[in-house]
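Here TrEMBL flags 493 as active site, proton donor. The substrate binding site annotation in TrEMBL covers 354, 355, 613, 614. Taken from TrEMBL, the feature domain 'Glycoside hydrolase family 65 N-terminal' applies to 7-265. Per TrEMBL, domain 'Glycoside hydrolase family 65 central catalytic' is recorded for 317-712. Annotated domain 'Glycoside hydrolase family 65 C-terminal' per TrEMBL: 722-786, in sequence order.
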Ligand code: BGC
């Protein structure tokens, strides 16, 4: 591994799909998996292309039930390009990595340039060797373009080869084995045709969302081709073009396939087909496209500057690469959310969960315009969230656990346990805490960017509607003399019900209750501090009155948070559940991250045990600084001292199976302040989650975007303790022996490129020259002001270790 280049030597069919996911190229508008253009989808290969926000809804019958699912659609495949030796009589076999002709194969992902290179050597049966070098990009400056350059060199022989380039509309959504029983045929009305010389096109539409898709490809060789040597032969579902090239021995011939993609969701087009054909006709040649693409990436890397040494640094760069390919400045022009698995595969059907909670805090400090667009995705679906609340008999906004095109609840009703083969009811939609994650992101975005306009208008509306939901959902319990939130599921989605209960949901998930309190407190703060006439507008718009604010105040001070054995309970009654025999289960099954599946296959249920999928209570230590967390508990009349928090951390650490990539991240973050010696094990797990495919074969179905962005933020905010709060930049660094020295730059309020550098015992801050004001930097023991153009070296007390709440 080179600092910027990830190389995969050799061809390994068993890991090909994983590599495809990790070598995906994209630009925020669309992405294509790093699949071999010589191959179509089969058990080894899965060439998927996905456009952000392009969904379609289909009905399927599973387990005798009719279910509806909305999927991010696998679009026509633009990659196909295969080649073989030309023969006058009879056809030679096409070269593919799966053929015995493959002698060498190497794949390199160049993060700096945003390109994927493949070099291959094929040796035909007659001993003739062909070297092939292939470079591809999905254009970062023009988000509708992609290019595939293929170069052929005959080694020690001269002769012709035949090249077939295609656009393949015969694709389905079939990339996830668990979903194979579901209907995956989203594309209809596929037709193909020719445009200008060298150009072919394909169009189709999605069955129910009626999104029209236009794709065009211009395929040219660097030797003159006449009609006999270049022809099209379209098939019902594929546009196909053939080229015959003469390869003089040792001379390299180049074929460039330039592709344009448009959908009817695009702005400023008449129809997607004409837009795609026009765009590809106008596109410059490969060299010019490569140069403008590299220039766009240079800008992105500047805005995401991160200097972390060693292996961790290389992995973080890969993570940033994939975050930016999913959510780039182009995203700012789209109506899309944060797909949990990137635009890299079909897991979770491209849906949007609470994972943006792990993504926006990073983007806020580098690409605030992208964060804002992602919040606008939620704002546009606020009305739908209100409908969801109303239909369930509540007030305010109840955002769905899984969201897609229009913001309705997209969580599946049944999920398959591949271990038992059983389809089971899925109650994860009871994770109403997603609303608090949205409110948290609104607040964080506004604090980091200083976007008061957003906070005072759309942000305030979302915050207050989510607060209203919590205040209405919480019910007063006379016995406890507290408000309770009942019948929900927390971040640990292994627990969906009390043992033996036929009703889904649990009571008083501590994470849900405390974050609801936080939302109520912030909403009150925003409403009270709104300048006129904004306050009046908000009151009128959402019909707010003083009585309602009084209720928010009351609920936010009297919410119930359960405790047992001197620790915060994950939910009311968690402490009464049985202890799990972790060692016994591990001895029997090995990897038990997916404890839910392991136990269900044994006709048992994880609901019976004190065993969590992922950080749940501990999420509180991830979202809130120790000071803020103890402040929240104090608001509720509890003293959350350091000892209680440490006991709580230890308690759940022993009882968590880490069945989500988010878990290692959160544990690494929290332990960095509580049990430093153990933190790195979890940080490593978060760093390696995708590159080593730690969740047992799930990365091939799409990367884990939350964990990827979260690791970037772990360096940026987790280790530095950086907060953007009350108009100041706060730091409270914690020393990590494994990552003692690092630096990055952030965009804070109007300042671009504020540099932060950590060394043991030192924090260095540099503010670039600008006509903005100074930045207030706060450490636990002092405040300093850094003028634009100035910098400060701040010595840290001890090793920067600070106590927990
Ligand atoms: C996790 C959720 C997460 C989802 C999508 C699940 O495995 O439990 O917390 O939102 O994956 O990434």
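Glycine residues also receive a Cβ, built from the backbone N, Cα and C atoms like all the rest.
Nobody curates TrEMBL annotations by hand; they come from automatic prediction.
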Least Cβ-crowded entry, counting other Cβ within 10 Å, from the recorded positions listed as 355, 493: 493
Cβ-centroid neighbourhood (8 Å) of the substrate site, 354, 355, 613, 614 excluded: 353, 491, 493, 660, 662, 663, 706
For residue 354 (substrate binding site), the number of other Cβ atoms found within 10 Å of its own Cβ: 24
Local backbone state of residue 355 (substrate binding site), from DSSP in three classes: helix
Arithmetic mean of per-residue pLDDT over the domain 'Glycoside hydrolase family 65 C-terminal' (722-786): 95
Length of the line joining the Cα atoms of residue 354 (substrate binding site) and residue 493 (active site, proton donor), in Å: 13
Residue pair residue 355 (substrate binding site), residue 493 (active site, proton donor) - Cα distance, angstrom, rounded: 14
Rounded inter-Cα distance in Å - residue 613 (substrate binding site), residue 493 (active site, proton donor): 7
Neighbourhood of residue 614 (substrate binding site), C-beta criterion under 8 angstroms, separation at least six: 491, 492, 656, 658, 659, 660, 662, 663, 666
Composition by DSSP (helix, strand, coil) of residues within the domain 'Glycoside hydrolase family 65 C-terminal' (722-786): 3 helix, 37 strand, 25 coil
